[in-house]
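Peer 1: Just dropping this structure here.
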Amino acid sequence: TLKDGTNWEQNEEIPRLPGETRVTDKDVIYMCPFNGPVKGRVYITNYRLYLRSVENDPVVVLNVPLGVISRIEKMGGASSRGENSYGLDITCKDMRNLRFALKQEGHSRRDIFEVLTKYAFPQSHNSLFFAFLNEEKFSENGWMVYNPMSEYRRQGLPNERWRVTFINEHYGLCDTYPSLLVVPYNATDDDLKKVAAFRSRNRIPVLSWIHPETQAVIMRCSQPLVGMSGKRNKDDERYLDIIREANGQISKLTIYDARPNVNAVANKATGGGYEGEDAYPNAELFFLDIHNIHVMRESLKKLKDIVYPNVEESHWLSSLESTHWLEHIKLVLTGAIQVADKVSSGRSSVLVHCSDGWDRTAQLTSLAMLMLDSYYRTIEGFEVLVQKEWISFGHKFASRIGHGDKNHADADRSPIFLQFIDCVWQMSKQFPTAFEFNEQFLITILDHLYSCRFGTFLYNSESLREKEKVTEKTLSLWSLINSEKSKYTNPFYTKELNRALYPVASMRHLELWVNYYIRWNPRIRQQQPNPVEQRYMELLALRDDYMRRLEELQITNNSKISNSSASSASPSQMMSQVQTHF
Amino acid sequence: EIHIREPTEKEVNPHLLPGELLLCEASTVYKYIQEDGSNRGTYGKLVCTNFKIAFLDDSASDDNEPQFKNKIVGENDITLQCVDQIYGVYDEKKKLLTGQLRKYPEKLIIYCKDLRVFQFCLRYTKEEEVKRIVSGIVHHSQTPKLLKRLFLFSYASAAPNNIDGRNQTVMFDTLEDWRDELERTKGTVKYKAVTTNEGYKVSEKLPLYFVVPICISEESILKYEGRGIPIWCWSCHNGAALLKMSAFPKEQDDSTSQMQKAFLDGIYKTISKPPYELLKMDDLSSSLPSLQDIQTAYTRFKQLFLIDNCTDFWATDVKWFSLLESTNWLEIIRRVLKKAIEVAECLERQHTNVLLIEESATDLCCVISSLVQVMMDSYSRTKSGFQSLIQKEWVIGGHGFLDRCNHLHKSEKEEAPVFLLLLNCVWQLVQQYPPAFEFTETYLTVLSDSLYVPIFSTFFFNSQHQKDTNTSGESLKTQSGPFRFLTVWDWSVQFDPKAQAFLNNPLYAEKPRPDKSQRKSTRFKHQRQLSLPLTQTKSSTKRGFFREETDHLIKNILGKRIGKLINSSDEPPNSFREFYDSWHSKPVDYHGLLLPRINGPDIKVWAQRYLRWIPEAQLHGGGTIATAAKILDLMEQVQSLQVKMDEEHSQAISGDVHSVPMLRKSPRLSSLFPFALLQRQSVKPALPTSTWKDLEDEDDLVKRDDEFVDLSGDMS
């Protein structure tokens, strides 16, 4: 049943995934902010919006997964007179807006608006995410990438001081934590339950990472429920002391509260707070001054204003500064450096928390781990890191991204994970040989953070994902990536074990990630492929070619020696092609 | 009281160049290591010569030779011309030291033009020595000087007669050099090299030889001392030429200005006739920032990098972007690059001659004409091509290096970093298109440093005339034959071959050359046209001319061939944008036209030059050097494989394939490499010490919690 007499069969070059079904298509004018109005036809499936221009020179194509759509607005009314003033304005989560002008006659706008709303916001329509309909096949199974037990074993856990507990197997202790947790050997499951009562949303301090040499650990949790009255909890105090003793070397446990001091104080009013000196004499507390999710959301909004559709020309630097985006990046990195340095050269265990321990805390622990453990700088290791510190520990992806939810103004939305990926990009920019993955890897992760094509980032917690049977019914993003790893591999990667990698969190080195934030602007786009990388690949090919030829030559020469017959192969020819410049 | 350490037994003596004289010295000077604000440092001797200020470290050992070392100016040497400002510290207060001193400071801070900062503590030095060294340093580096007192002259008369090795740089001091350049760019049909200025009878500001349109008569050149005469810079492959002209000063007298106007009209008429292309004029003094603006901007800009300690570093970090912007330096770079693109568009797309006009035609004219050539002529992106370009447009072209760098401390009014502006602009291109340049950013950095090394004549004269008259003077007699200055282009003077390797770009995509055997080594420098962009072949010249002619006729009929000063703003504004966008939408040809990207995010700070001495800005094992080192390693491998294959071919002796050298374990380099002299030894990360500033405008958001949930169960 084809609507509008469209013949989809004739448009088979329109990409479609297995499981993707067509819904409708329409003639529209795409109001391209860079090339002006473009006549084209838009095709809508249950996964994407695809537009191709009628004109072929240049051919304009839009390929937008419906998951990136944040808001759909009607522009213009029946009385609109201006040219192309009647249509739809679509706000996307990936730093762009799409405008389509439509004919006023008929119901073309109403139709397209309804279709888009229905498929872009399945959560608001009680329908399924495309991830549950996706029938793609991959050679790798990304759901196998992360196994908490093997990851802890890789870290040398459990050991005589740290044990694995299944107390949260059915999410009874904490419904936003994973089922498997690593806790001090000397704390009983009963202790854990008592501690849970004193931590916001029962998110007790558990181990994220252990330093292979110093045995100092990175612990994560939520804020203590101190409240206005300054409540204390003996079990919590004792538990922190057990953590401190577990590494047995340093007199004090270091607590990093990611929030600004004032916010931590203010949290007492709602029952939260921080570890006071009196109650925790064996702990040192530092505030890392990272702002809340609302500040970050506003910052990104401001950033979009200065880069889309047009890049601020004459006052670029001060405009960039006024968004505060890079200042926030600087603070997050600074915090993570402090955590990593404390564990590494300070040889002290640290406890990291913010309010709930699923936003800033995840940023800090995962970045510190990335700095300390070179395994996380590999493709697989990074997947494990995201899977562990973000997905399994309950970063609220569904709320922060608003997957399939039409409520675009939801105050729960915030680009916390994007900010983390940006920090990783800053590190990879400063250390171009330290990461196995390339920029494309990070961009692909961000693209599918919104696309809803994979189950990886859906839902807020492991318990919900289990309930929705995500691993059975959807595919993992890591299946896509691991099936064509070469596309995401950094050719300059140099494996280095046990090397702490500290970025310089100075504005002199931090840069706006132009290839991500300004990638829709054809005037800004950077050269692809990167010439330095290209040259390196050429050299690699040349080297391999030489090695092969040399081997052949040696075989020939060997046989020559036995035959003592000279052949006039073309060595000079070969050499003349390799006049590389040194 | 702090224990005063006596100078060590071993006497450290300064290494002196020929002609260099020790003027004063002080011992037990304590030099702070600019690292972490702690007062760590070393004792040594501070000396001042007629060439440099040097700190001789008592405990220095020779076994730690850096990989990249300047043979003339050591790690702790500051040439007198390199000193920017000297501050004395009195009771924790900094005071600028300029002339006579009444009181002597306990600490001396020397800010250098190459952005180094030296801090010397004089508390342990004998009072007499403090007096001598401080006044000596201030006197020799900060007070006006006679040209002949420059070290350049002492060195040239004392040094053995250096005949610079075979240098491929074209010096443009002979008629032949100009003729070759005309031939290379195929400009000979319409332009000629003239000898009118022999004996400097036209002007002392003009070079001995230069090129003008064929139709310009000797009389007109002589009439106003060369003013109002279009002087040729370069010809584009389509025949359009880049010209420059020294303008007439604003004349009060009406009849004089009438005459000048008539003269100019005559000139324009002459060069507007076929075979010359349409002419477009650009008065740079009105379309670009003034020299004063440039000087002000750079003064503010460099201040951001002259950092006393790490507290300063982090304090300025918070507002870094707005600080950068407020200097206006990057915006000036952007405007200059934009102007160069506009000129390139006229030449390349509109086939129009462009005449750059400036009062003396030796400042912004040099910047724009050099940049245009770097963008349009791939020969200018080779090392020798770039050096020849600097000779042509700047050294022989008559840029007043002596005044603009204020080498003699004569007048600050004349000072302006015009040449540095060019290098900064070229650096933008180098970092945007790494494979297009034969040289590296390190090359540009050491070139900028060489501005302050007075053993080369290159940057120490205002004009060819000034150099000539000061070379032939009677007072200059040398023991060994004719008097001769060194040129900066002989890089072996400053760097040994190993260090020179850092000046060559491993990414340079060399243009495939025609068969080597056809080249005669003697004609080497005349073969440069090989690197020019492909031109429309000569076979179609006739038709081409005809077409051009009709083109001209049509435009003539339409009138407005040359109005008054046609600024590029007369052009539809889209023309520039269209040219820029269409070029950028295509893949880059590294041997063809190269247009810089000039959007806000594209213009960057030349980190190597400006951040290289700041330890806090250092990345261990990071920065672009990390990938460059990998490329170099791989190249070494390829090279040794080549050698191995050669051996196989010639000897037919089987070797072991597996003995091919594998990746040499290169030490982890710092991002400051090759300028990593102040390398931090510790692996402690650099942590910001500055405080977060308030987000005033978002106060309500800041105070909110992530998600409002009342956790205090007992309150409900």
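Note that Cβ sites are derived from N, Cα and C of the backbone, with glycine treated the same way.
Just so you know, TrEMBL annotations never went through curation; they're auto-generated.
The model shown is predicted, which means the values in this text are computed figures rather than measured ones.
Not my notes, these are from TrEMBL:
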type     : residues                                                                                 : note
ACT_SITE : A:Cys354                                                                                 : active site, phosphocysteine intermediate
BINDING  : A:Asn292, A:Ile293, A:Cys354, A:Ser355, A:Asp356, A:Gly357, A:Trp358, A:Asp359, A:Arg360 : substrate binding site
DOMAIN   : A:142-517                                                                                : domain 'Myotubularin phosphatase'
DOMAIN   : A:323-385                                                                                : domain 'Tyrosine specific protein phosphatases'
REGION   : A:560-582                                                                                : region 'Disordered'
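What does the local environment look like for each feature on the list?
Peer 2: Secondary structure from DSSP puts A:Cys354 (active site, phosphocysteine intermediate) in coil.
Listed in sequence order, the residues of the same chain lying 6 or more apart from A:Asp356 (substrate binding site) and placing their CB within less than 8 Å of its CB are A:Ser200, A:Arg201, A:Arg203, A:Ser222, A:Gln223.
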Peer 1: Which secondary structure state does DSSP assign to A:Arg360 (substrate binding site), in the simple three-class scheme?
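Peer 2: Where A:Arg360 (substrate binding site) sits, the three-state DSSP reduction gives helix.
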Peer 1: List the same-chain residues at least 6 positions away in sequence whose Cβ sits under 8 Å from the Cβ of A:Cys354 (active site, phosphocysteine intermediate), in sequence order, or say none.
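Peer 2: Correct list: A:Ser222, A:Gln223, A:Asp257, A:Ala258, A:Arg259, A:Ile290, A:Arg360, A:Thr361.
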Peer 1: For A:Asn292 (substrate binding site), which residues in the same chain are close in space, meaning a Cβ under 8 Å from its Cβ, but six or more apart along the sequence?
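Peer 2: Residues satisfying the criterion: A:Arg259, A:Asn263, A:Ser355.
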Peer 1: For A:Arg360 (substrate binding site), list the number of other Cβ atoms lying within 10 Å of its Cβ atom.
Peer 2: 30
Peer 1: At its widest, how many Å does the recorded substrate site span between Cα atoms of A:Asn292, A:Ile293, A:Cys354, A:Ser355, A:Asp356, A:Gly357, A:Trp358, A:Asp359, A:Arg360?
Peer 2: 12
Peer 1: Near A:Trp358 (substrate binding site), how many other Cβ atoms are within 10 Å of its Cβ?
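Peer 2: So the Cβ neighbour count for A:Trp358 (substrate binding site) comes to 28.
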